[in-house]
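As written in Swiss-Prot, here are the features:
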{"type": "BINDING", "residues": "GLY113, ILE133, GLY134, ASP135, TYR136, VAL137, LEU138", "note": "S-adenosyl-L-methionine binding site"}
Amino acid sequence: MRFGVITLFPGMFDALWDSGVVGRALKQGKISLNFWNPRDFAHDRHRTVDARPYGGGPGMVMGIQPLRDAIHVGRAELGKGCRVLYLSPQGRRLDQAGLEALASNESLLFVAGRYEGVDERLIEMEVDEEWSIGDYVLSGGELAAMVIIDGLARLLPGVLGAAESAQQDSFVNGLLDCPHYTRPEVIEGYRVPPVLLSGDHKAIRRWRLKQALGRTWLKRPDLLSRRILDLEQQHLLAEFIREYQAEHREPR
């Protein structure tokens, strides 16, 4: 998968090359990542990329010409079918389903805005989709681009150490992930749940599903409201709720 980023600060992405899932995907050649700085496309000697907004108001707005020229070069280099994504609070909110939809593209070009944003006409003329990573404001779109690139890299075959890791992540099946444990078996009185030591794979699968359902019920009930649970899931969730309420019932 090919990625490109239009950014004033390409150095922010250096950490992606050196570590984690994205670094592994880059080294394996599963993804490519290129950058275009709008300042390199400015026509004046000061390499100006912003100007005061029409109508007044605080801050500066990124102008069309340097961004548009950078997008044209990026599109050409990333190849046919490249989609241009502008990262902004007004965009579609990112979730796992959104990542899976974006993963169907061969190449994506992210436009990372700064200041008060970009001239609206650039969005109308050049942008295919707007995306947001949440209802809050960042200093620019670079961190949002990194979030999306990381999420997409995880979905590519062969990138994660274990093939099933991505399928067990939170949100993949519309639920939060179950708890995980490793050595030691006991620490300061806190024990690993016995079922995980039993070797009974059917019981382990059932426990993990129950915990995922219960954790979602406790922490993100909105996710459950969007799902239709099958009979097993209904029984496991009811069992979790009974156990939880019994454990947390206040003494009379």
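Each residue, glycine too, has its Cβ placed from N, Cα and C.
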Completion exercise
Cβ contacts within 10 Å for TYR136 (S-adenosyl-L-methionine binding site), all chains included, total 7
Fill in the blank from the handout: Neighbouring CB atoms within 10 angstroms of the CB of ASP135 (S-adenosyl-L-methionine binding site), all protein chains considered, total 7
Problem - List of residues, in chain order, with Cβ under 8 A from that of LEU138 (S-adenosyl-L-methionine binding site) and at least 6 apart - result: ALA144
Fill in the blank from the handout: CB contacts under 8 angstroms to ILE133 (S-adenosyl-L-methionine binding site), restricted to the same chain and 6+ apart in sequence, sorted by sequence, are LEU87, ARG93, LEU94, LEU143, ALA144, VAL147, ILE148
Problem - Under 8 Å by Cβ from GLY113 (S-adenosyl-L-methionine binding site), same chain, sequence gap 6 or more - result: MET62, TYR86, LEU87, SER88, GLY140, GLY141
Practice task
Grab the S-adenosyl-L-methionine binding residues from the record (GLY113, ILE133, GLY134, ASP135, TYR136, VAL137, LEU138) and give me their largest CA-CA distance in Å.
Solution key: 16
Handout entry: Around the Cβ of GLY134 (S-adenosyl-L-methionine binding site), the count of other Cβ atoms that are within 10 Å
Key = 11
